[in-house]
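Participant: Structure provided below as structure tokens; questions to follow.
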Amino acid sequence: MEHIVIIGNGISGVTLARHIRKLSDKKITIISAETDYFFSRTALMYVYMGHMKFEHTQPYENWFWKKNRIELLNAYVEAINTDNKSLKLANGSNLKYDKLIIATGSKPNKFGWPGQDLKGVMGMYHKQDLENLESLAPNKEACNRAVIVGGGLIGIELAEMLNSRSIPVTFLVRESSFWNGVLPQGESEMINRHIKNHHIDLRLSTNLKEIKSDNNGNVKSVIIEETGEEINCNVVGLTAGVSPNIEFIKSSKIETGRGVKVNRFLETNIPDVYAIGDCAEQHEAIGNRRPIEAVWYTGRMMGETLAQTICGNRMEYKPGHWFNSAKFLDIEYQTYGWVFGKKGRPDYEQHFHWKHKDDTKCITVAFNKNTNDFLGINTFGIRMRHETFDTWLTEKRDVDFVMNHLSEANFDPEFYNHYEAEILSAYNKQLQTT
Amino acid sequence: MSNKINHSMSLAKPDALDITTKQKIALAIGIVGLLIFVLALFNTNFPNQGVFLTLALGMISLGIIVYSREAYLTKLEGIKNDGVWFKSISSRGIWGWLVGIILTSFYIVLYFFPQYLGLGADGAVNTGLISLFDPLSQLLSGRNASQWFVYGTLYTIAILAFGYKFILKYRHNRYQQIRTVSVMFFQLGFAFLIPEFMYVMNNDLPYYDLKSVWPLNYYIFDEWSVKGFLSNGNIGLALILFGIISIFVITPILTYKYGKRWYCSWVCGCGGLAETAGDSFRQLSSKKMSAWKLERWLIHLVLVFSVVMTTAMIYTYLGYDSNNFWLTKGVFISLVIGFLIIVFTGVMIFKRHELGKDAKYGAIGLFVVIALLVIMHFTGTTDHVFYAKAGTLRSAYGIYIGSIFSGVIGTGFYPILGSRSWCRFGCPMAAILGFQQRLFSKFRITTNGGQCISCGNCSNSCEMGIDVRHYAQKGENIVRSSCVGCGICSAVCPRGVLKLENDSMNGRINPTEILLGNDVDLMDLVNQK
């Protein structure tokens, strides 16, 4: 029986395994040194915050794997030998495979800051990071202040986590406004204010110069590049993005760039070796997407696609319309289609922005100013229906249609206030004046 | 790391969040209020009972209100479940067990030994705790308090004060606020005040909480109850007719339109207490597959038990001669059989495929029951068996299900089994409404395309133990019969994936993966069986 070995038990690897099992009877082994069972990485924060226990982040009960004949192996892969199709494990043993899938995910970026390897400096990605944080920052007495470096989604989640235990947080963001590489200005500025409302010390246009240590090799303080200011702290969270976790692959014959290089069929340069999820890098970007997409949904879709290929129906990875979502403290964010921030915005892309006066809800609609085609929407504090926007994008609706039918896409709970009329009148007014 | 024992078994350290000074004062106020009850329990003679009762109830309410305001109004709006699994009381820690044991003991005394609370037997005056409530009872209905009046008062106070806490906690969510106001209104008006006033108007009428429908109100068709209604002329007759219409007309129509939530989480008192006072324990209900299997057996057995028990009760006090009263034993048995057949035929014709195997088991069970009833009736053995059994069945139901299950376990075990263990495992009303909801209702919880990140907040918060995430991560609508539509899964979802909806019956059940974002052809392949 063909033996499928998957390195990594995240959403990509597990989705792949589940779909292979649906389609076939192959032998499946998932290897992970991080945890015994699959868990939702995005939910780790809720464990620290006490909303859930770690076991609640596991979508399947422990008997699920045996019942579905998916073998779980707690081991660390040291090297891959593609010539004789075997893996060398850290415990000294070897494992043979017929088909190998690399789904090892990411690791936090470090940019060579002085002191970045001190005790107390950490990322927030693996379960071990959470355990680390638990011992470094169990409460505000043990951790007087934490400094977070890098303003993305993980950074703000880490800030929310620490905030839930009343630990003061200083948040260093290199950009002039939070996540404005991705978010349009109005949205980014609203989130800036929202962060400060939660008593988080947000410092914009601020870079980290170095992390200072005390006599025991623990973090003592950080120095800010621009002002030379020293901020005393016990924990430094490095959240300036993630990069593929592929160190152990570089010694093999598998081609790597920043990630494991794959074609549109998710195949590497070596036959029977594939890569999916955060660690996979497309030779060429698909549409407006980036060559590497460290996103939950992307990993899931790659797993579904590759399962078809492995089970004999060779299939190209064709992601549909872009979508994503996140939560900034108390504000939910959803995006459908493409809405660019400053970075990489095409000339033809024009935005309509509406913000509610309570400063916690806003939307930005992107459209082509030449053809009026609807390109995408960002919503903050208003839930929208994925299916509706997916349909409109496929049907290539124009922006007027979308604005006039916005209420059909609303996904807020019953009895919530609706803002579509207000949004539409703002939209009509703006069009008249411009 | 701390050396303290980790009661929560959580990965993280418990007791990370301390309560503020203001909350400590609020707790103290509440406990002093409770202390007055404890003193009364030990037969302290308070000089002015009215004043002390007001003081006790007032201080308890004030304590809860001040505590909650400090907990939620000091923070921005939004889901604030911080530390739920660290706190001893809400994670089956020592405080959780202690509260569970105290509550359970209280229920046992209340149901089986009311004399210990000071109930005066055979017209004797009340003493102890119950006598403390005499002034309020006199004020409302002009009679002295009973243990049920004491319980009703405390129950209502709990729903009102903790309801206020709930409203603060979910003040960003209007669905939750409106629903809670509804529950508070029905408890205060329909369950507490109206029955008391009805007594003032006509003191022969049996206690009747208008919103309590058979089989939850299992004593409505008891002989004493029916006689009580019938001896009260038109009002009584109207009430008993309303009771029957509630079961066969009002309930199905409302469930068709809104799902069983119109009752379970908007009106019902048991649900009301679970949603308000029980809110801190909702995460404790088991989501294991094994719990789900147990649930399906248990709740339907209770339903069958209550149907048989009621049938037997009514049968025994009906006569044979149609000249005395048109509803004779024979007519009644035929009606019951006819009704069961209509219901099951309807289900088999229209919903056979949705139920699958369950339909077959249901049909077999039905025919056995009907055959038994027919044989027993025509051989005359029904009379003997039912006559002997009806009383036994009735008292068994009253003790084991009406008291122990619904009260002692259902509420007393909140801090151990979660807030809705009665609704989930034992309530026959929930079984009937759930059956209707599953088969014909416009209600469903829809999921938002491919946006689920499988985080598990929804499942964790489900008081009915539904693994909501299981459906959400597949993009499948949730049409489970146990769902009470509380809407908390939707509220806690960090990605806005869940929405309670009343929509057309078409497309309500979509047992396919509709995760969006992928290539359309792939999704077709994924859904090929």
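Glycine is no exception: its Cβ is also placed from the backbone N, Cα and C atoms.
Where the annotation comes from TrEMBL, it is an automatic prediction and has not been curated.
Sharing the features that TrEMBL gives for it:
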type     : residues  : note
TRANSMEM : B:25-44   : transmembrane segment
TRANSMEM : B:50-67   : transmembrane segment
TRANSMEM : B:94-113  : transmembrane segment
TRANSMEM : B:148-168 : transmembrane segment
TRANSMEM : B:180-201 : transmembrane segment
TRANSMEM : B:235-256 : transmembrane segment
TRANSMEM : B:297-318 : transmembrane segment
TRANSMEM : B:330-349 : transmembrane segment
TRANSMEM : B:361-379 : transmembrane segment
TRANSMEM : B:399-417 : transmembrane segment
DOMAIN   : B:443-471 : domain '4Fe-4S ferredoxin-type'
DOMAIN   : B:474-503 : domain '4Fe-4S ferredoxin-type'
Participant: What else in the chain is close to the transmembrane segment (B:94-113), if you only count residues 6 or more beyond its ends and a Cβ gap under 8 Å?
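Facilitator: Same-chain contacts beyond the ends: 7, 87-88, 147, 151, 281, 403-404, 407-409, 411-416.
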Participant: Is it possible to list how many residues within the domain '4Fe-4S ferredoxin-type' (B:474-503) are helical, extended or coil according to DSSP?
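Facilitator: DSSP composition of the domain '4Fe-4S ferredoxin-type' (B:474-503): 5 helix, 6 strand, 19 coil.
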Participant: For the transmembrane segment (B:148-168), which stretch among B:50-67, B:235-256, B:361-379 has the most Cβ pairs under 8 A?
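Facilitator: Stretch with the highest Cβ contact count: B:50-67.
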Participant: Same-chain Cβ contacts of the transmembrane segment (B:361-379) under 8 Å, 6 or more residues past its ends?
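Facilitator: Contacts of the transmembrane segment (B:361-379) (Cβ under 8 Å, skipping residues fewer than 6 from its ends): 304, 308, 311, 329-330, 333, 336-337, 340-341, 344, 347-348, 355, 385-386.
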Participant: On average, what pLDDT score does this prediction assign to the domain '4Fe-4S ferredoxin-type' (B:474-503)?
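Facilitator: The average pLDDT of the model in the domain '4Fe-4S ferredoxin-type' (B:474-503) works out to 94.
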Participant: Using Cβ atoms and a strict cutoff of less than 8 Å, what residues sit near the transmembrane segment (B:297-318) while being 6 or more residues removed from its termini?
Facilitator: 214-215, 218, 221-223, 226, 325, 327-329, 332-333, 336, 365, 369, 373, 382-383, 386-387, 389-391, 393-394, 397, 401, 405, 424-428, 430-432, 434, 482
Participant: Under the DSSP assignment, what numbers of helix, strand and coil residues are found in the domain '4Fe-4S ferredoxin-type' (B:443-471)?
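Facilitator: Residue counts in helix, strand and coil order: 9 helix, 5 strand, 15 coil.
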